[in-house]
Structures are given as structure tokens and as C-alpha cells.
Amino acid sequence: FQCQDGKCISYKWICDGNTECKDGSDESLETCMSVTCKIGDFSCGGRVNRCIPESWRCDGQQDCENGSDEEGCSPKTCSQDEFRCQDGKCIAPKFVCDSDRDCLDGSDEASCPTPTCGPASFQCNSSTCIPELWACDGDPDCEDGSDEWPQHCRSHSSSLPERSNNPCSALEFHCHSGECIHSSWRCDGDTDCKDKSDEENCDVATCRPDEFQCSDGTCIHGSRQCDREYDCKDMSDEQGCVNATLCEGPNKFKCQSGECISLDKVCNSVRDCRDWSDEPLKECGTNECLDNKGGCSHICNDLKIGYECLCPEGFQLVDKHRCEDIDECQDPDACSQICVNLEGSYKCQCEEGFQLEPLTKACKAIGTIAYLFFTNRHEVRKMTLDRSEYTSLIPNLKNVVALDTEVASNRIYWSDLSQRKIYSTQIDRAPSFSSYDTIIGEDLQAPDGLAVDWIHSNIYWTDSILGTVSVADTKGVKRKTLFQEKGSKPRAIVVDPVHGFMYWTDWGTPAKIKKGGLNGVDVYSLVTEDIQWPNGITLDLSGGRLYWVDSKLHSISSIDVNGGNRKTVLEDKTKLAHPFSLAIFEDKVFWTDIINEAIFSANRLTGSDIHLMAENLLSPEDIVLFHNLTQPRGVNWCERTALQNGGCQYLCLPAPQINPRSPKFTCACPDGMLLAKDMRSCLTETEPAGTTQGPSMVNSTAVGPKHTASSELTTAESVTMSQHALGDVAGRGVTEKPQSVGALYIVLPIALLILLFFGTFLLWKNWRLKSINSINFDNPVYQKTTEDEVHICRSQDGYTYPSRQMVSLED
């Protein structure tokens, strides 16, 4: 668009409420009234006449400034198989009279009869019903734990599974509700157990006379009260403080002799300061701005004594005289997605698939409806962001904890802590138990975190008891332990298959957030400070930022993917009493809270606008957002090569894209096997020198659990063999059994003769070198005639790393 003064601006900037043309022609009434919306858009009308997608019309959220997009909308109607709450929301009929308030107004539990359970069910003391098989199995399923009460389970005592009375380590406290927490969190004034048992029977803290007692009972040094910094967790040390500092503000003047007087007493021909500094003869009545604006580049403001330089909005003073443009885009939260810096201002733009909302200036998704999927212990539920649809997706589960989806294939994956398995099914077939596929069914202890690589069709999971991070293909046929560290407690995990990285939280000692390649290499700690109990973690791919919740600090924080620009989004001991997981979409952050038994949302940039999404849940843990824009397309280099599976005999894993020269993928072998010299084939760990374990192997600080590959392994020559056959081939690489013992009598004499010949040759060569004069240099660099070079060689389908070579200093 060409402004009337000749300047050109982007056409999408006209009539957006901000003036880009200096003459204002981009926001003039004539310009805006001439705008016509394209087919599929809705015109807000009015003076601005902005266009929004038709799908935003009557969606319950005002997008036009004049609210025209929500005018004349008919009331939302629920389908025949849904229950309509009094507030107009729709929920699944199974949620009605289930003893849980699923309508925010509670209308689904009004006038409900006393529930009765079927013959194959057990009725909890709270009147809810659970399958009879879940009662007295050593795992509490009723909200009040009554299914495991001794009076109900005497007849089942012999059939109970063996369980440790205290599964926690010596450095942990065992909550009565079953969790393990750090022993240092016991009686610290902050509830960490679900049942608050960590704060029971605690001695009341008494502070010394020189200390201040916070409202939560903790003590801080008395000098920290009213020091303008929050030292108490409940911020009570800064309440009721009078932080008035003398001579601050535009109406105060500080004399050079120390007094503070009112500004109206300056230059009034009366001495108010002892040193007469309020009545300087040369400066009173002088306007320095009349002479070349006092040297100011933009605005000169005359004062009673002296003058000051000011800058227009969007500029900052750099040397008391000169103004410089402020780059607002240095703030990662200036815009929700793309920030364009302009002279004196900035513009926000959106990624493909999003459109800037006229009213809030936030990027809003276009197209399909976004859903929240979340676990509720015995089921997975599905809910739209406006709660207009709220249903049960996967019912009758034992103890579902972790969750993730693959949007393109319309599949959902989840882990069950009680079953110690990872499952998957098609979302449209989720209610059918017969459609569940067991992806990982063995060698799991506590699969707390789960993430799907939607580009390379792999799943990654954490195990907090084994202290491992593992990978498998989405069918569960091939798997490998990528990382294991003693004392670690990995929890949640998120992947970035576009760039080849994964991130996970670890609440072991010390707590941290780790980053590594999706092939297990280059693992390091990204966050190690101001972190205590990191739980859920999620990734904003478009913005390149990580978000996580800390259950001990009651906070939501963010950081860029390289560990910089850390920000605290929200701290709230009430709404973040015990946050477990979180999800990001558009400008919103959604999180589950175990103690509140609820799901909340807030603005992910400011932490404001907190809303209750769902309540009265039963241990809500993981939460994911289902929308096609959350999983952008990428290149699967393992399938782009001429060789099947990238030429890898077992797993082909994406490599981290650290720089433009980084490999696209590397091969990996199952636990207990190593890569051969070709960096594609797999050999047993007993293979002698001649094989090499290069950087494409995993980074593990301890040996992971060994898994038997139940799948067939495909070689580069497309030869298929079983795991047992693969071991036989590796064994034959170590030694071949001779056909007859008599061959030894022929081979050994020949070998001895060859050794005798080479020995004689080396003795002669040594004598010859000693008889020749040599030149010695003090600088040791001259003693090395052959340079050590390490090259990363690129083949047709990937990258390989050469084996190490010894360089002689004499040769």
C-alpha cells in the first residue's frame, strides 16, 4: 500500500488500528471503507471495517472491536446424545450424576438419586462405582481410597500383589497418599503431598528476636523485611511497608546541602536551601532550549534550573542528548509469534495458519477446532477450548499418567502406571477396548513422560524409577535406552523433530531440565538454577521457547531453547498449588493441578486472565493440545535416502541440527549391542577391536536395561534376520572355527617366519637411524611430522564418523 506521501507499507497493515503512514492515510476513513473482505471472511463493518475468518463468527469470543461477530448468534444447541448445562455448555451424558461436577454451574449433579453399582462393580465410600477387579489390588482407585481399606480386603489378602510398604528411598518422605517427595520438603510450610501429610504433626517454627516470621511460619533475617524484595514465599515480608524515599518525584527538589524542598520554591528569590542552591543567579529565568534545543536530538524540556532532553514514544535516551530507536523485538514476549521492528514502533505478525486478532492483537489459529486431551486417572477426556464440547474419550483405564497424540495419523498414545505399559489407538475408535494396541509391554517401572515424534514415527518416554529416557518406533518393535543416570528422576518429556532435539524435566538431586539430540547425543543440563520440582514441560515451536511448571515453587516459567531469556510467567500458590502438566496454544497456557483437581488457563505472555476450565477431577495429570498446527510437517531423512531405513540395520534416529554441517540422522542398535565399523550394522558387545563406537551411539552415564528385540532387523542389503540370527552373525565376526586341526601345523610355521623377518628388518632400520646425524628442535611442534586430522565424511544417505588412528612421531 502506498501512503499519500509516497511511502510503501505492507497491505495487511492498513486499517489495523495503528498508523504506519506518517500522514495517517493507511487508517483514513476513505481507505478503510474501500476494503473488501475475501470469500470466507466476515466483515466487522464500522469505521475500521476489518476482516476476520468466518469460523470466528459466533464462536463465543469477541474478535471485532465493535463486537459485530457475536451479534445475532443463535443459542448453541447440544446434540441428542449430549447433556446441556444451565450455562449452555454441552457434556457427555455419562458425566451426569456421576458424583463429579462437570458443568461449571453444577447442574449435571442436581437432583441426582443415590447411585447404585452393578454386580461387577465396587461402590466406594463416596458412592462412586469402580470395576470390582480394581478393589483390593493394592492400588487405591476410589478418591477416598476405600477400595483398599482393610475391612474390605481381608478376604483378598492372600492374592494381593507384593508391594513395598515404603517404595521411597532413604532420602525421601513417603506421603500417606503414596507419593515420594524430598525429605527436606517435610514440614517446610508448603504442601507437597496430595493428602498434605508432609505438613502433619510438624513443630511450630519460632523465630529468633533478630528474625522476621513470615505468614507461613518460616523465618528470615530481620533486615530483609521491607527491603523491596520478596524473601518470604508468601511475600508477607513486604506487606504494610512504607517505602517512601525523600526527594523522589517531579514535585521535589533536593538541595546540594541535603534538604528536600518543594519544586515551587525553586527560583522564587527566597533562600530555601542553606547553600542557596535553589536560587542560582545564572540559571534561574534562563531557557537553555532556545539555543539549538539545548543540544537535544528530539525534544528539549526547560526546567526551573537547567533543562532535560526527552524522546518520543518508541525511542530512548542514550547519552543524555541523543535519542535512539527502541528495538521492542528484543523482548521475546513483545509479540505472540513474529515481531517486526520499525523506527519508533513495531508490528506483530503471525505464522502461516494463524491470523492476527483485531481486538487482542494475538495470533489465532485458522481452520480446524482445537481440543484439549487430558488424563483423569481412570480415563482420557476431550474438551474444546470454549468448553462447548466435553466428552470422555478413553474410558475404564486403571491409572493413566502420560499422554500424547499424532495428529496426522489421528492416533493417541498413553502410559498406564499400574499396568506398566504404553498403549495406542485411533482416536475415532478410542472408546473400544478391543482397538487398544500395546506398544511397550515389558521392562517398564514408572513411565511418567511420553512424547511422539510425528515426523520420524518414534515415541520417547521417561522412567523415573529406572532413571532412563528411551525411544522406540511407534509399533514398539524396535526400542533403545538413550540415557540413564544414577540418582536422576526424569519426569515429563517433549520433542522437537524439526530440529532433532528433546527436552525433559528431572526432579532428582539436583533438579534440572535437560536437552539432548533425538539420537541420544550431546545431552546437557539446560536449567539448573531456581528450580526444585519441575514437572510438566512443553514447547512453543513457532516461538522457540520452552515452558515448564514447578510444583515446589508454584510457578510457570519459560526460556528459549538455548537456555537464555528466562521469564517467570506466573507464580500463584493457590492456582498453582501442585501443577503437574501444561500445554501451549495461541496466546494461552493450560495446566493441570492435582491438589485443586482442576484445569486452568492463563495468558502465556503476561500470566493474567486466569480461567477455570474444568474442576472436580480425579487426579488430572497430563494434558496435550490437539490441532494440526501444533505438529508442523518436516523431512524424514531416514526415508529420503536410496537405502531403506537410511541403511540402518536397526533404528534410524534423527540427529540434532546444531549447525548446517550436522548429520541428518545416525543409526542406533538395541541395548546390549554396538554399531559396527560401517556405523550401520549391529554387533554384540563382546566384539573385539575392529568395531568402533562413534558419536552416533548413545550418551549414557550408566548401562541401560537390556531388551530383547522381538522384531526382524533389516540390513543395508535388505537381508532380514531375527535378533538371534543377528547375534550369530556378530559371533562369527569374532572367530571362525577351523575345518581341521591340521591346518594349524601349516599356518603357525609360516607366521613365525614372517615375524622373524619383520623383527630383523626393524633392528636393521633402528641401527641405520642411529648412524645418521639428526637435528633437534626445542619446539615440540617440529617433532610431529604428521598432523592429526579428524573428518566427518558424508555418504549418500547420511554421515559417518571415522575410527580413531594412532599417529607415530617417528614415522
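Glycine too: its Cβ is placed from the backbone N, Cα and C atoms.
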Of 72-102, 165-195, 692-722, the range Swiss-Prot labels region 'Clustered O-linked oligosaccharides':
692-722
303-308, 447-452, 585-590, 777-782 - the one Swiss-Prot records as motif 'NPXY motif':
777-782
When you check Swiss-Prot, which of Cys202, Cys207, Cys232 turns out to share a disulphide bond with Cys219?
Cys207
Candidate in Cys667, Cys682 joined to Cys669 through a disulfide, as Swiss-Prot lists it:
Cys682
If you look at what Swiss-Prot says, which of Cys32, Cys58, Cys64 makes a disulfide link with Cys44?
Cys64
Cys214, Cys241, Cys247: which one closes the disulfide with Cys232 in Swiss-Prot?
Cys214
Regarding the disulphide bond with Cys348, report which of Cys335, Cys363 Swiss-Prot records as its partner.
Cys335
According to DSSP, does Cys51 (disulfide bond) fall in a helix, a strand, or coil?
strand
Candidate with sparsest Cβ neighbourhood (10 Å radius) among Cys21, Cys78, Cys193, Cys363, Cys652, the listed disulfide-bonded residues:
Cys78
Mean of the pLDDT scores, which run from 0 to 100, over the region 'Required for MYLIP-triggered down-regulation of LDLR' (765-811):
40
If you run the three-state DSSP split on Cys682 (disulfide bond), which class comes out?
strand
Look up Cys78 (disulfide bond) in the DSSP assignment and reduce it to helix, strand or coil.
coil
Give the distance between the Cα atoms of Cys669 (disulfide bond) and Cys652 (disulfide bond), rounded to the nearest whole Å.
9
CA-CA, which of the recorded positions Cys21, Asn66, Asn125, Cys255, Cys296 lies nearest Cys15 (disulfide bond)?
Cys21
Based on DSSP, name the secondary structure state of Cys37 (disulfide bond): helix, strand or coil.
coil
Three-class DSSP secondary structure - Cys32 (disulfide bond):
helix
Minimum Cα separation from Cys255 (disulfide bond), reported as the residue among disulfide-bonded residues Cys32, Cys78, Cys296, Cys329 that achieves it:
Cys296
